[in-house]
Structures are given as structure tokens and as C-alpha cells.
């Protein structure tokens, strides 16, 4: 059968025309053992094409002479895929129109179809994999609708899970363009009057009743695919109540009845974050809106899906950081970041250009400079790993400046959040970004570095509190969210550097609090209202600071309920400090850890209490268990418990509760 004239005659110039003998050679004479798929069109074979020294694995679709699909669909696909090229569209290598055979040769998709993995007991897909596949497919459809570069856009007209193929890297590619139609792409309301074709269960009701085909018909079908991905049910599923065999109707009614969580595929139900689930379901519902004009464009669908993926990855990637001993840490002055989902040097560059902004100076290093500085990242120069197990190396630039280089290859959302916060803050006691290096898809973060060895007394009575008072004057309001010893670094002069802005939140200038759906904090420093209700405020940091104060006084990690013991039993005996100061210091700490956040002082008030001890009278902490305050002028050595005594019992309180354990009262 010859190719039709007009535009389709261009196709032989753009893709290869095979002879039938070449097809036979590629498939070992159409060996049945090489059949990898069957459908209404016929069979699909896995074949091997030899082209000189290169050998390519391909998928060969042979149209059955008894199939409902005929020459028009065959040539439609040849012409369409010959003119379209996109990373999320399946590539047409060539075709065969020989001896009445109609055969299409595609790139081979090793992981089959999305349908295979959802319904045919193939390798199960995680929720994140499903989201990424949906994003890829959505990008392919968005390209068809508006970004083809040709005069008209394309309506696929048969979007379904079996037409979404998956390559070696699980990237989604749209396939099967036999029913596709050309549409003007400059107006959303443009439609084509055509005979209704498609697959039952994915068919747009408006198209079915009016015969008017628009890009929004693809959007509707894609909405069905989204629910298919979420629920693990087919578009038409006999397991659904017989009145609602259609997945689209059943899913929407279930959501309306408040059963959203119940319709999620049981294999992924425990891994879908609530916020991601809500946004994903809302997007799918919008795609299924009965009024096509109210459905989103595929461009908006892509944006919505990327947003849901970001929400899910944030929930997945954020881990509890380990509380680090800051007395023996090597303290960088800067901080580390990584990028969200970046897999190319262009995307990394774009991210830094966006985050850094025009008014920021962040040096971009080349890899050769870092190799020389760190002696090719030698084991001898490896100094530690951060809380997320990213390796940290020390080095020295040619100008003599000591640096630390972090190889940031994971937990992108955490480091992204930290970067976006730190570029807004400029303060001598806040970690400052120094530079970065992008090499291919690898990211290296560079920051200033100085070794230190600090005693508890140095930390407490050097410059520890000076930075706290200056933070309220910063240009943006930030809740740190993880004030604990590991977040306080010390430079060579024992000046404190506030770091680890992994979970920090920026607030509007007039805001003092917000609510979050998931809490991230180092256990032992977590404010009750944050842990129990997700309520986050500036008083959340005050609670963590209060716990840190008690730990500083005790000289060890606060693990037991010490709220009913005397000051002499709490204070680290190695600290030689006036007792009145220690009493006041401890009282301030107790004010900061009150159960009701409203009763806690602000950090400005805390600084005033610390710096002006002579003129301020402290309020009594409203705690159900109060420490017995010793207001004597001194604490004699005879009244001080020797904490080095192996027989000393730290559990002097009446119970064994952790001081930060959240117990209903």
C-alpha cells in the first residue's frame, strides 16, 4: 500500500523505510517467542536491527490485516512521529509498507507500559516513581498540545496507561498516535468535529456527546490515568460497584464522601504524604471537570504534578538529624546546599542563579581548583560527614584561605531550603554561603573552615549569647526549627555560628507563627505544641534554646527528669562560676521551656535577662514540676555533687521520664 500524498509524503524523508525481509531478519522470521505485546492492532515483537557496526534493540509493531486499525491510522502515526521529536514521545525509527505489510519500528522500551506495572503483576511502582512517570507523560502531552514547533498542535485522542511506555530509566513516553488529530494551537476553544474514537473509560463525556474534539479531551483522559495511578484500579474495573464501573465517577464520588485515603492503592498507601495526596487528588479532579473550559491545560497539569512531587520528596527526604557534640567539631563558617531534582549542569546553574539573585555574591569554583585544594579529595583530607552522611573535606586555596568542601549528592529539598534561607540572611553569627562547583551533575559546596577545641566554659562565657540578641534585627523573620548543640558552630575565636537551617521557615514581616503538616526536629529539643499539633512559632526556637541552656549548665545531654532536684545537683562541677549567675541562668532556661508557648519569653527578652542581671527580676516559671532554686550567695564545694563519682545517681527525680517527653496531663 503506497503512502498517501500531501503532508504524509514527507515522512519517508524523515524516518527509515524498511523492507519486509529486513523485518523478518530483525525478528527471526517473526518468531513467536519474540512477541512482547498484543492488542487490537496486532502483535509487537522485540527485534534487533543491524546497521553497520551498531546493533539496536527495537520494538516492531505489525498491523494485523483483521485489525480495526487500517491504513489511515498507520500513516497518521508515521507522519506524526516523523515530524515530532521529544524526550517524552516514543521515537519512530522507521516503517515497512511492503507486500501489503504495515509495520512500525520504534525504539525499544525495556520496562513496558504503565499499565503493565499497575495491573499485570510486573515490577511494582513506588509512589514517587508513579509521580515522576505522570510528570513525564504530562510533559509529552503538553509538547503535543502547544510546543511542537509546527503550525498546529496535536490532540492525541487515545491517552491511557497502556499508551505510556517506560524506558530503561523509567522515563515515560507517549505512544500510539494512530488516532491523533491536528488542531490549531493558538486558541484553547478550538475544536475539531470528528467521529468519536478512543478507549472506553478514558473517553471525554463532552467529546462523546458533541463530537467536538479539543485538547481538553486529552486532559480528561489524563485525569483518569492519574486516578488509575493513585488507586491501582483500571479505568473500567469490575471490582468497583457495578453502578460505577468507571473509575472516574467512582473516585470522584469517593472523595466527595470523604474516603480519599481509602481509595489509595494499598501497596503505596503508607508512603503517600497527606499534603501530596490532597493536592494530587485535587488536580486529578480538575482534569475530570464536566466543563472542558474548567479543566487545566497540560502545562498547568505539569506544574501541579511537579508541586506534588516536591511535597512528597520533602516528606521523604527530611530525616531527624543526629545531635552532634559541638565541643570537638570542626566548625565551618558557611553551610552546605544541594539542588531539588537537578540532573543536569544547566538545571544546577539555573537553580543557583535563581536562589542567589542579583544582589548576592557567591563564587563559582572550578573542579580543578577544588582538586588541588583538597589534594584530589584524599582520604587524609576527609574530616567528617554531615548529619546526612555527605562527605566533608578540608582544603586550602592558593591564597592560603582554608576551606571545607562538601560533596552534596542527596537530600536535595533539605539543602534547597537551607540555601533559600541563608541567602536572605547576612550576619556575622549566621552561617554564610561561600561558593559552589558544578561538574556535570555533581555539586560541591565550599565554605570557610577553621578547627577548634572548645571547653564548656569557653562556650558559655565567651561570646555564646551575643549572636542571639542581634538576630531579631535581621531583614527577614526566620524560625530556625532545630536549635540544638549540633546547630551551634564555633570559629577559631570561639564566636558562635548558627548553622543547620535544614528545616527553617521564613515568615512574612508581620507573622509570628504558622502550621505545618509534619514536624522535623532533634528529639529532646522539640516544643510540645510543635510535636503534637504542628504549631510552629518564634517561641518554638525559644524552647530549643531553653533546653540548650539546661544542657550547658549540666555539662551533659539532658536526658532525665531533673526538674525536682537542687541546683547543686544539676550544675556541672567543672564550671567555676558565681552561683547567683548560675541560678539566674538556669531560671532563664526554665522560663524558655514552659509548656504553654505563650508563657515563654521572646529571644529579645531572654537576651535582656542575660545581659542585665542586676536590674531585672525574673518571673516564676509556670511549671508543674519546679526546680528547687538555691538563692544562696555561693555554692560551696561541699554542696556540689561529684558527677564523676561512679555511684552518683543521676535519676534523682521521682520518675524516669525524659525531660522533653510529651505526656498528656
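Each Cβ is built from the backbone N, Cα and C atoms, and glycine gets one as well.
All annotation found in TrEMBL is predicted automatically rather than curated by experts.
As stated in TrEMBL, the feature region 'Disordered' covers range 627-665 out of the listed 588-626, 627-665.
According to its DSSP assignment, residue 61 (ATP binding site) is in a strand. Within 10 Å of the C-beta atom of residue 61 (ATP binding site) sit 22 other C-beta atoms, taking all shown protein chains into account.
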